[in-house]
Amino acid sequence: MVDTSNLLPQTPRLLKVPLIILNIILWILGLVLVIVGGICVSFLSNFKDFTKASDAKSALSNLTTSIPAGVLVIGILFVIFTVVGCFVAYKEKLVGLVIYCAVMLILLVILIGVGGKAITLHNDDIINEVGGAWEHVANGTKNSTLTRLENFLKCCKWSNVSIDSSDLCPKDGDKIKYEGHYCGEALSDQFSSKIYAVGAAGLAIGIIELVAILFSLFLIIRICRSPRTRSYDQY
């Protein structure tokens, strides 16, 4: 039988230092997730009234709340648990490392799920979904929500062939503002930059997190195999 005991460093120190460094990197990236998620939540919060006024509530709410809110929450948890990870690694707390591994593994699954969902969203499908809802709202009683959206996106009408009236466009006196700047194009640019950034950041951080989990598992194994005095604090 192959002896695997020599495959790991002989002292926990050689494992905990890289683990602490990885946690510091993940803490910084957690702040990035908080910032990116906050920007997306702030941007997509402008679609709240529009989502309520449209028939595609479930599809649009998933886009406008689930993904950005998920990224924001994950970022906050990262900031908290990476600090915990640094502490338990430095102190070589065995039980703390086990709990840290379990929590980070759960976060890894969620992060890859959210990041994968964001990065696989097809921009054309999103725009078609929003475009259909846009025309529905334009013909409804709550079409004033479009004026607020157009003012936010600095655009007028969904496209040059859409049926929504330019009467809903923001006006500067009698002059229509943003004429010729269509909302479909403006929204497409915004989604391309924000949603894909969320997905790419999530997957990249997930890879680094996986390495950190492996180091913490190796550290747990090495601590268990290391000789300890009676006063050794394994908790």
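Note that Cβ sites are derived from N, Cα and C of the backbone, with glycine treated the same way.
Swiss-Prot assigns Asn46 and Phe191 to the same side of the membrane. Note on the glycosylation sites Asn139, Asn143: the fewest other CB atoms within 10 A surround the CB of Asn139.
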